[in-house]
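As written in TrEMBL, here are the features:
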| type | residues | note |
| --- | --- | --- |
| COMPBIAS | 348-359 | compositional bias 'Low complexity' |
| DOMAIN | 31-115 | domain 'Importin N-terminal' |
| REGION | 318-381 | region 'Disordered' |
| REPEAT | 450-487 | repeat 'HEAT' |
Amino acid sequence: MSWEPNYDAVGQLKHILQGTLSSNGQERIQATEALEQAKYQQDFKNYLLYILVLDSGESSAQIRASAGLALKNSINKDFQLASNEFLLNNVIKGLLIDEALARNITGNVITTMFSQLGVSKWPSILPQLIELAEKGDGKAQEGAASTLAKICEDSSHILDNEFQGERPLDFMVPKFIELTGSSSNKVRAKSLNSLNHIMLLKTQSFLVHLDSFLQRLFQLAVDQDEEVRKNVCMSFTTILETRPDKLVPHLSDVINYALHSIQHSEPEVALEAADFILALSTSDIPENLIQPHLHNILPVLLQNIVYDEMDIVLLEAEDEDDANQEDKDEDIRPTAAKIKSSHTAKSNTNNGQNNVVNHEGVDNDDDEDDDEEEDGDDDFVSEWNIRRCAGATLDVLTTSLPKEVLDIILPILRENIVSEQWPVREAAILAFGAVAEGGYEYASRQLPALIPFLVERLQDKEASIRQITCWTLGRYSPWICSEAIEEGGQFNNYFNHTFKAILQSCLDKKKNVQQSACSSIAHFIENADPELIQPYDKPLIQTFERCFKVYKRLNLIVLYDALQTLINKIELDDEGTAILLPILIAKWEILQDEDKELWPLLECMSSVAASLGEKFAPYAIQVHQRAVRILSNCIELEKQTIVNPTIITPEKDFIITSIDLIDGLVQGLEEHSGELIDENLISLLLETFEDTNDDVRQSSYALLGDLAINTPNKLNNKLSSIVSSIGQEIIARSNDNFPVVNNATWALGEMSLRLDLSQYLEKLIGLLIDLINSQINETALENGAITIGRIGINSPEIFANHIPEFALSWCTYMMYMEENEEKETSFQGMCNIILNNPVGLNESTLPMFVNCISMYQSPGQKLAEIFQKLLLGYKQMLGDNWGLFIGKIENSAELIHKYQL
């Protein structure tokens, strides 16, 4: 018997739902509480569905929408959902309703249900939706197609799994291709959208239909509907990313189509088309196939990095000086604390990658110092748009085809950069910045004339030109800095004029220019030798002091970053320290413990404390106490949420930045930091090792390693728990959390050099061997190898009987590592391990290890003596076979001479 509602209960629930929409705050609160209680009533979901779908004649659209949203939220984690036949059989009826809002919400409900149930527990819904999209009336077709697109977006992986001998996608893909021929614009667009999500799976269910899909795309390319055109561009991009070979025969036509669509009046269509050109520039399509199209692509890119008319209107409307205006809350973008870098062993091999530039002044690489660099646009056009996309594409193409790109664009840029129209001039300056990295070699002949011209533009009456000029000069800072240190160089005076001019721009009357200039100064400092920056320490400090007085909240973030860069580059004298530290402490004292503006300040103070060392000592106690207080409060609040979920926990960035600040104090004060460290901090640190957030644990293990280096005895009472936490981290390793594993294994290695870990190491032997034999990120493997070696310094017997299990991997990761203290101590320990069991190396690993010794260019005296002892031992062990053995070693003659063999 089918379920029937109690109509009194329906009325009560509708009254509650109406109350949740009330403009009266108290009434709304009471209704929300009543709705929360109603969730525990039997058949609650059925009543919500009844109001949404079956009570259409009696309920207002707002009440039905409210019922639908409540139903969607209540479905999550409902383990009885599969047995609710009323819900499963009737929810699709919501797609037949005339009102678009109710249909959309019904689609969301169905999508949520399907993500939980999948095909196996709800096999009927997909055929029903397909049939409705094919044969229903107009609105129902659109509702079904929209729902299918949402399912493909959220649950496409489910659709690619077999059910009763076939994959759902096997019948869905050809149906979607058919539906792209529907008379309904929305059905065509949504069916294309579904296929775009499916394509990302690279499933055979789609690939067998790829040729017929391509033919359909070419037919749809002339479709007049904007959503269809947008999805056609998206389809070409997705094919380019999944099966680029299929586009090669049609490449010329598709490129021309994209370039034509970039001119479309609908911004979303134009942006999708521009995204295709960007995807093409980063794709596996051979460069020789792209090059012939550059003469068509590049002028379009240059045209589209010019501000459009609406942007110009907005920029000119806000042309007045604003340096004295406080930032509005809505102008402050959500920020996240920078994550402390994981401890990485340095290799002598070059694994550099090209960086893609976000052409509003942000380098999209892994350099965390660039995270706050903002420069090209005001906030209202700061999201991804066609201007940014065109700039990024120009950068990528210049990196791959520098000469060809510059040959085409330089004549255009020379003309545009002196245009009477300021947006054209601004775009030309941006373009010069965009090609700086990739076209450095070929653009260098232009720089002697370009740099002085740009310095003059810092006085331009248009703020946007001053802003982008700062960014472009920062992009050319490597050339300007290199010329400055070239003795007798023709252009070595460029640095002085440029650096001073940008420094003056840090105090511009427009906040966006201040931000760009300050970020550019950080780039110059980063790219210059310390000797080049040191003479400017006083002008820098004086300018930063003035900036601290006038900068508002948003620009302070960039100023903190520039100050960090400066302090990490040069040593400040007592006068500079006396100016800056009181300013930072004053800012620190103004902000409350719960203020997110503490994050960048804590990051800055961490670097300052680490760099200034003893000069920071007068402030160390108060800074340390507050950092520990913030950390302790955050941890305590998180504990309370287990009992009371209504408590709002602080964001993890408070924990991360507090830990990093304590770490900065430990690094700066070194062994003297022991006066600050107590049992309470170590206990707090142990709790952060259990945090589910990888970034928290990454910072925590970094602090642990520095404590092991500077105040190892403070860890003695908690060694068992600490080692256990490190072991759990290694067990739970993945390519997602490898920075945490890096820091944990590095910290273990530092502890093993200074503390007696012998009673705890037995449980770690297998874990460390498994680690360096695994497929995780290479930096984690290198750190694991270093740690095994370091443990061998004081406990060589631990690994002696296990040499065959890890020697090959150890040699692989240590052979090319940069020679430093870590490599030195690891080799010392590894030699100790081998001396404990010389026969542990076999006929394949012994030559490999001796090759490692041969390639070690400058071992310290102690290590060299150990190498000699080890080699002489093997010479004696091998006897008459020594000559044959040593002859197969690289640079054997040098090795024999070096170690008197």
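Backbone N, Cα and C define each Cβ position, glycine as well.
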Other parts of the chain folded back onto the repeat 'HEAT' (450-487), taken as Cβ under 8 Å at six or more residues beyond its ends: 307, 315, 319, 357, 361, 375-376, 417, 422-423, 425-426, 429-430, 432-433, 436-437, 440, 444, 494-498, 501-502, 504-505, 508, 510, 512-513, 515-517, 519-524, 526-529, 531-532
For the repeat 'HEAT' (450-487), the number of residues DSSP places in helix, strand and coil: 29 helix, 0 strand, 9 coil
The domain 'Importin N-terminal' (31-115): DSSP-derived helix, strand, coil residue counts: 65 helix, 0 strand, 20 coil
Rounded mean pLDDT for the residues that make up the domain 'Importin N-terminal' (31-115): 85
